[in-house]
Each structure stands twice: as structure tokens, then as C-alpha cells.
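S.K.: TrEMBL lists these features:
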- 21-41: transmembrane segment (TRANSMEM)
- 28-516: domain 'Major facilitator superfamily (MFS) profile' (DOMAIN)
- 78-99: transmembrane segment (TRANSMEM)
- 111-134: transmembrane segment (TRANSMEM)
- 140-157: transmembrane segment (TRANSMEM)
- 169-190: transmembrane segment (TRANSMEM)
- 196-218: transmembrane segment (TRANSMEM)
- 335-359: transmembrane segment (TRANSMEM)
- 371-392: transmembrane segment (TRANSMEM)
- 399-419: transmembrane segment (TRANSMEM)
- 425-449: transmembrane segment (TRANSMEM)
- 461-481: transmembrane segment (TRANSMEM)
- 493-512: transmembrane segment (TRANSMEM)
Amino acid sequence: MTELYLTHQKVPPARETFRDWTPYLLFLLSSATIGPLLFGYHLAELNEPQEVITCAPQKANPSTITSPNFPQCIPMDALQFGLVTSFFTLGGLVGALCGGPITTNYGRLKAMLIAAVFAAIGPLLEALATNIALFTTGRFIAGLGAGASTVIVPIYISEMAPPGQKGFFGSFTQVSINVGILITQFLGLFLSRGQLWRIILAVGGAIAIAQFVALMLAGQESPKWLADSGQAARAKRVLRRMRGHEANIDAEVAGWGLGSEQDLDDEEETLLSGEDHITHSSQNGAAADGQPAVGDLEHQSAGALTHSKTAAKAEQAVKTLGFLAVLQNPDMRRAVLAVVMIMVAQQLCGINSIVMYGVSLLSGLLEANAALLNVLVAVLNVVVTVSAAPLVDRLGRKPCLLMSIAGMGINSLLLAIGIMHSIPVLSAIAVLLFVASFGLGLGPVPFLLSSELVAAEAVGATQSWALAANWIATFVVAQFFPLVNGRLGKGQVYFGFAGMAAVAGGLTVWLIPETKGKRDADEVWGRKGGGGGND
């Protein structure tokens, strides 16, 4: 079984850590994480301009830039706006279900390119929308690209990150989501008037086009996927370029089940040598009445043996488990349950009630400062997630999750009290601490676990299950939060989110094992043969 390369020792010192960060690696990861960035961008893009888009009377003031071909706004009530908002999550669900099989069969790079195409088309339709149907269609298509990216990119990052730093780099998925939220909240401060809201939507498409160009011109396939697909020599060359020519990559290469780097060099040299001698023999065989020399036969045999070994390794490596097969495998079933649970908890603890509806939720309490508070929330989310990223490798996944869930639960209670009793200062502080708690663990860690709790052959299917559950939970929050909040009365819905946090904390203690310092899923779950067996 393929190892996850999580070190048993301490987290590497800072000097050694930065030495592993080659410019090429950082470029590849930056290009990939634009996908999750767009996920965050589209989640929050309707938050600030909601009243402008829906023709709310208090926001009916026209901008200085208008067009006779497009209406200034699209009349919508709360139910219709919730539908438009939530259709993005339905597209994300479909994209997440399709992303796993596509990335397993065709590779991470091609899958990201496909996702970028959908991510570019959807925002274009949104920006040009003249009615609810076209607006909803654009949101759905944008969701297809975002949903696929949230499956593909965490796998890609896990396979590209240096050993011992997978937790740190894995946090980049959530950091990118938060950066996307920050960008759209910042744009909303200045463009939420007249028809300028269309620019906010169009920017998402422009970012997707930039990602497509970067991936097409300089993107690189994951060396892990190449090795699993029988392209061992190419995988080694890609890994060598990513890590730098002075780095020791033997441990990673050996973790692919293909022997050390030197073994691969010897096999490649033997194969090339064998091919050269076969060609030479075919050109000169007539001189010997068609009888090849003994040396030629030896080289042909060596080449055939190398071909046979590579084919055997590829055949063994690509036996991936499908979407339903992971549930039928007793070693995988509990892992899938654990990942699905934590992904659902990520949404049902209430983070997207702030991301999607924070401005309208707090506008009556904070008046004009609600939009500014949401920008500060987005900034804090980025800062906390980046600052807390090393803690995932130092403290472990499970402690970060439990601290995060506890913080969100406590601050949900405070936020409910602050909104119900019209206490602006308490509400503002509770929102900031609520979001900070999310960035500590429940934001980044779930994206790591789907690749750490199962064997390599089940990662794609498990990631699809996990993100499908996440998108369904996101849809529930996006569609029903405005209705439930209005029905219960301002703020009381956060008592429900506090209850969800209590349940999520208990299930985390029961279902989630610690993966820090574990090399593979066998070791994580305490099964015999950890480090080398198959699940």
C-alpha cells in the first residue's frame, strides 16, 4: 500500500522546511489552489450585493454606469434568492461526484483543466443574466467547476507536498477558499450599486481563465499519479524537478512501491539499452542469417523484463476502488463514515450563514458597518487559517478539530444572545471569534482526512463521498437559513448551530482517529501490516 509520507518524527525545522519549497513547487500549488479560491469566491459573491441584485427599495439608487441591454436588478423574494444561491451548491454536488472518477482515470492536471472551463463559463452567464433562470444556470455551471476542484485539488496538494509538511500544505485549500471570500467581500464594498454588481460576478470568470492558461502552459501532473499509472521514469523526473536537484527523493520514490531512485535509474537505463540493441540488431541481422547475437538476446530479455516489471506495477497500482466499492470494503467503510461526518459538520456548524448572509443578518444591528464587518471577518479568516496551518502538524488533526468545534459552539451561543438582545459589540466579537475558531481546525482539517484515512486506491472515491456530503450540507444551509432565521426570529437559529457543534464534537471524539505521524491507513486504524500492506 502506498505510504502517505507523514513523518514519524518532529516537524522539520524552519530552515529545512523552506529548503523544500522550490519556486516550481510553489507555482504548481498556487495554480492548483485557484480552484478552491473560486469556490470561496462564488460562495460569498452574492452576500454584499444581495439587496442591489434583488431590487430591494433601499438599494435602488442607480450607478453612473448603466446599460440599456441589461436590467439594473432582477426582482427576487427571499425564497427565489435562496434558490439562486443554493443552485451553486447543487452544481458543486454534481461536480464533486464526477471529480473523483475523472481525476483517478485521467489524472489531476486534466481534471483541473476541465474544472477550470466550467468555472469560466458559469460566471459569464451570471454576469450577463437578465432573469432568474439564466442567473441560476450560471450559478449551477460555476458550481460544477468549484465542486470538482474541491475534490481534485486536496488530492493533488497531498501528493505534491514535501514529506512531513502535508498538514501545512493541506491547509492551503482552506486558505484559498478564504482568500476567495475576502476578494469578493472587498469588491462588494465598492461595486454593490447599480449594475456594477455584474463586475463582481465577471471577475470570477476572469480568474478561472487565468488558471486555465497557467495550467495549460506550465501545469504538471502529480508524480504520484504518474507512478500509479506505470510512468515511473517520468514520475521521478517530475519529482526531482519539484524537490530540487540536491534533495533526497529515495523515500518518496520507494513509497510508490517502485524501489529507490537508483533502481528506477537502472531500470530506465536497461530499458533504453535494450531498445537500442534491438534496433541495432534489426538493422544488421541479415549479415548473420537472421540469427541475433547472444548479447542482443540478453539485452532484449532485460528490456522485456523491465517492461514486464513496470506493467505489473502499473496493473497493481491502478486497481482503484469505485464510488460504491469503498462502502462494501470493510476496511474502508468506517473511514468513509468518519470523513463524511466531519465534512457535514464543517457546514452544519454554521460557517456559511456568515459567509453567505452575514451582511443581511447583521445589517439591522450594525447598520452600515455590517458590510465592513464582513470584510474584517474575511481578513481574519485568512490570517487565522495561515497562522494555524503549522499547528495541524504540531498538535495533530484531532486536537485542532476539537478546539475549533468547541470555539464555534461557544460563540454561536454568544452570537444568538447578542442578536436577540441587540448587543452590537457582543455580536461583532462573537462573529469574529466564531470565524477564527473555524479557521483553527474545522476549516482546513476535513480536506486532509479523506486522503489520510484510506488507502491510495480509495482516495478518489472517498473524496467524492466527502465532498458530496459537504455540498449537500452547504445546500441545506444556503437554501433554508434565510427561511429558518426569519421563522424563528433574529439570532435564535444560532442555538441550533451550537447544538450541532456539540454533536459534532462527540462524533469527532468517537469516529476520528489521529493521523499525525502515521505513514498509512493501516497504521492510522491500527491494522496489522501497517506501512506496507493493502487495505
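Just so you know, glycine gets a Cβ as well, placed from its N, Cα and C.
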S.K.: Please give the average pLDDT for the domain 'Major facilitator superfamily (MFS) profile' (28-516) in this predicted model.
M.R.: 82
S.K.: Give the nonlocal contacts of the transmembrane segment (111-134) in its own chain as ranges (CB under 8 Å, at least six residues past its ends).
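M.R.: Result: 32, 34-35, 38, 42, 70-71, 74, 76, 80, 83-84, 91, 95, 99, 102-103, 140-146, 148-149, 152-153, 156, 198-199, 201-205, 208-209, 211-212, 215-216, 219.
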S.K.: Short question: most Cβ pairs under 8 Å with the transmembrane segment (21-41), which of 140-157, 196-218, 399-419, 493-512?
M.R.: 140-157
S.K.: Counting Cβ pairs under 8 Å that are 6 or more apart in sequence, does the total for the transmembrane segment (399-419) and the transmembrane segment (493-512) reach three or more?
M.R.: yes
S.K.: Mind checking which residues reach the transmembrane segment (493-512)? Cβ under 8 Å, same chain, six or more beyond either end.
M.R.: 334, 337-338, 341-342, 345, 348-350, 353, 397-398, 401-402, 405-406, 408-410, 412-413, 415-416, 419, 449, 481, 484-485
S.K.: Determine which residues of the chain contact the transmembrane segment (461-481) at the Cβ level, with the cut-off under 8 Å and only residues 6 or more beyond its ends counted.
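M.R.: Same-chain contacts beyond the flanks: 43, 82-83, 85-86, 88-90, 92-93, 96-97, 99-101, 104, 147, 150-151, 154-155, 320-323, 325-326, 332, 335-336, 339-340, 343-344, 346-348, 350, 352-353, 356-357, 446, 449-451, 453-454, 493.
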S.K.: Within this structure, do the transmembrane segment (169-190) and the transmembrane segment (196-218) have 3 or more Cβ pairs under 8 angstroms, counting pairs 6 or more apart in sequence?
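M.R.: By the criterion, they touch.
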S.K.: So if I exclude everything within five residues of the ends of the transmembrane segment (425-449), which remaining residues of that chain have a CB under 8 angstroms from its CBs? That is, six or more out.
M.R.: 150, 154, 158, 166-167, 170-171, 173-175, 177-178, 338-339, 342-343, 345-346, 349-351, 354, 358, 362, 365-366, 373, 376-377, 380-382, 384-385, 388-389, 391-392, 397, 399-408, 411-412, 414-415, 417-419, 466, 470, 512, 515
S.K.: Do any residues, 6 or more residues outside the transmembrane segment (78-99), come within under 8 Å Cβ-to-Cβ of it, and if so which ones?
M.R.: 39, 42-43, 46, 50, 53-54, 111, 115, 118, 122, 132, 135-136, 139-152, 323, 356, 463-464, 467-468, 470-472, 474-475, 478-483, 486
